[in-house]
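To keep things clear, I will list the structure first and then write my remarks on it.
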Amino acid sequence: MSDLCPPTAPFFGFMGAAVALIFANLGAAYGTAKSGVGVSSMGVMKPDLVMKSIIPVVMAGVLGIYGLIIAVIIGNGVKGPEGGKPQYSSFTGFAHLAAGLACGLSGMAAGIAIGIVGDAGVRASAQQAKLYVGMVLILIFAEALGLYGLIVGLILTSKEAPCS
């Protein structure tokens with residue numbers, strides 16, 4: 001057994017997969033719930049605008065997919081011992097943990113932003129139609145925050161060091 005590949009290294013990889021999925025889905029759930037409340041409130045007064053105003057809910061849901069992508073890639077990259085010898089280095093485990101944290105936490109931040117903007121934006125655009133384009137632009141920038149985390153996570157999952 002080498003200091004480069006301790007038996008605890010896979011724990012960090014699996015934690016990376018878990019935090020990517022958990023935090024990204026927390027953000028997606030918050031964004032969906034918060035903007036869904038806005039859509040529901042607006043739909044009482046103007047039901048014809050409900051389908052047009054569903055964009056924040058969909059954008060928040062996509063954040064959960066980002067976390068799922070990183071979690072699956074990390075989960076497939078974690079290697080168990082072969083013939084009693086570890087095959088997964090601590091460098092790789094820490095890289096996978098960093099990938100999960102980058103994707104998960106940026107997904108959570110994006111979900112919070114999408115929820116707040118979606119709730120207020122949907123209600124405001126029901127009152128003043130000109131605000132719809134501005135709301136969509138702000139939502140796109142908020143979604144980009146989650147996308148940045150996905151990109152960094154994908155780069156970090158490709159980093160690995162051999163055990164030899």
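Yeah, the Cβs are placed from backbone N, Cα and C, and that goes for glycine too.
Here's what Swiss-Prot has on this protein:
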type	residues	note
TOPO_DOM	1-10	topological domain 'Lumenal'
TRANSMEM	11-31	transmembrane segment
TOPO_DOM	32-53	topological domain 'Cytoplasmic'
TRANSMEM	54-74	transmembrane segment
TOPO_DOM	75-96	topological domain 'Lumenal'
TRANSMEM	97-118	transmembrane segment
TOPO_DOM	119-130	topological domain 'Cytoplasmic'
TRANSMEM	131-155	transmembrane segment
SITE	E143	site 'Essential for proton translocation'
TOPO_DOM	156-164	topological domain 'Lumenal'
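Per-residue pLDDT, averaged across the topological domain 'Lumenal' (156-164), gives 88.
Sequence-distant contacts of the topological domain 'Cytoplasmic' (119-130) (same chain, six or more residues past either end, CB-CB distance under 8 Å): 34-35, 37-39, 41-42, 45-46, 49, 53, 56, 138-139. Taking all protein chains in view, 21 other C-beta atoms sit within 10 angstroms of the C-beta of E143 (site 'Essential for proton translocation'). Same-chain neighbours of the topological domain 'Lumenal' (156-164): 2, 4-5, 70, 73-74, 77, 85-89, 91-92, 95-96, 98-99, 102, counting only residues six or more beyond its ends whose CB sits under 8 Å from a CB of the stretch.
Long-range contacts of the topological domain 'Cytoplasmic' (32-53) within the same chain: residues 60-61, 111, 114-123, 125-126, 132, each at least 6 residues beyond the stretch ends and with a Cβ under 8 Å from a Cβ of the stretch. Secondary structure counts, DSSP: the topological domain 'Lumenal' (156-164) has 2 helix, 0 strand, 7 coil. Tertiary neighbourhood of the topological domain 'Lumenal' (75-96): same-chain residues 1-2, 4-14, 16-17, 156-157, 159-163, selected by CB-CB distance under 8 Å and a gap of 6+ residues from either end. Nonlocal intrachain contacts for the topological domain 'Lumenal' (1-10), taken as residues 6+ away from its ends with a CB within less than 8 angstroms of a stretch CB, comprise 78-81, 85-93, 161, 163-164.
Each residue of the topological domain 'Cytoplasmic' (119-130) gets a DSSP state, and the totals for helix, strand and coil are 9 helix, 0 strand, 3 coil.
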